[in-house]
């Protein structure tokens, strides 16, 4: 009987050990992982919200002299919606801001429990998608901002930031925040992809 009890206890211990999650899998379920994910998504929300507010308020009107008529000044406005690239950046920041809010709520729910593998995989795909959107929008808007700052002598495009200083500061700040948002999305992708990698081991 003692032998049977020992064997039964041994088998029960093996079954419990097999049922227990492996250390790599458990590492992805701790609150530290979900906490880091939530913090990055909250930061992404703040950055994209600030970026779209700064860009939406990018407008300035200045009085420009007419060379043909000395003493005559003409009011010329500069707004973000005068450039398709800046409109694209505003839309990208808007949808990314909404996405970060939704995924932050999802991450908040996962703090108290484990994160399903399917959820992590979906987050990786979506983070990659939005990182690509933000990177492309930031790149196109950055090109427009650079031309406004430096001009282009080959195409005779004159710089305007020496005239529309406040407008260009808004554009530059929004482009910088778009770059920060892209980096945050890359970090989120790495974080969730690493967790999936740990679970597969």
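From the backbone N, Cα and C atoms, a Cβ is placed for every residue, glycine too.
Positions annotated as topological domain 'Cytoplasmic' by Swiss-Prot, on the basis of sequence analysis: 1-37 (among others). Residues belonging to the topological domain 'Cytoplasmic' (1-37) score a mean pLDDT of 53 in the model.
Among the features that Swiss-Prot reports, transmembrane segment is placed at 38-58 (among others). Residues 79-80, 86, 89-90, 93-94, 96-97, 100-101, 103-104, 107-108, 111, 167, 170-171, 173-174, 177-178, 180-181, 184-185, 187-188, 191 of the same chain lie 6+ residues outside the transmembrane segment (38-58) yet bring a C-beta within less than 8 angstroms of a C-beta in it.
For 59-84 (among others), the entry in Swiss-Prot reads topological domain 'Extracellular', with the evidence type sequence analysis. A Cβ distance under 8 Å defines the sequence-distant neighbours of the topological domain 'Extracellular' (59-84), meaning residues of its chain 6+ beyond its ends; these are 90, 141, 144, 160, 163-167, 170-171.
Marked as transmembrane segment by Swiss-Prot: 85-105 (among others).
Summarising the annotation, Swiss-Prot assigns topological domain 'Cytoplasmic' to 106-118 (among others) and lists sequence analysis as the type of evidence.
Feature annotation from Swiss-Prot assigns transmembrane segment to 119-139 (among others); the stated evidence is sequence analysis.
Non-local neighbours of the topological domain 'Extracellular' (140-170) in the same chain are 54-55, 57-60, 62, 64, 78, 80, 83, 85-86, 88-89, 178-179; each lies 6+ residues outside the stretch with a CB under 8 Å from one of its CB atoms. Residues annotated as topological domain 'Extracellular' in Swiss-Prot, with sequence analysis given as evidence: 140-170 (among others).
The N-linked glycosylation site annotation in Swiss-Prot covers 156. When Cβ atoms from all protein chains are considered, those within 10 Å of residue 156 (N-linked glycosylation site) total 7, not counting its own.
The feature transmembrane segment is assigned by Swiss-Prot to 171-191 (among others), with sequence analysis given as support. Beyond its flanks by at least six residues, the transmembrane segment (171-191) meets 33, 36-37, 40-41, 43-44, 47-48, 50-52, 54-55, 58, 80, 86, 89, 92-93, 96, 123-124, 127-128, 130-131, 134-135, 137-138, 141-142, 144-145, 148-149 of its own chain at Cβ-Cβ distances under 8 Å.
Annotation source Swiss-Prot lists topological domain 'Cytoplasmic' at 192-201 (among others), citing sequence analysis.
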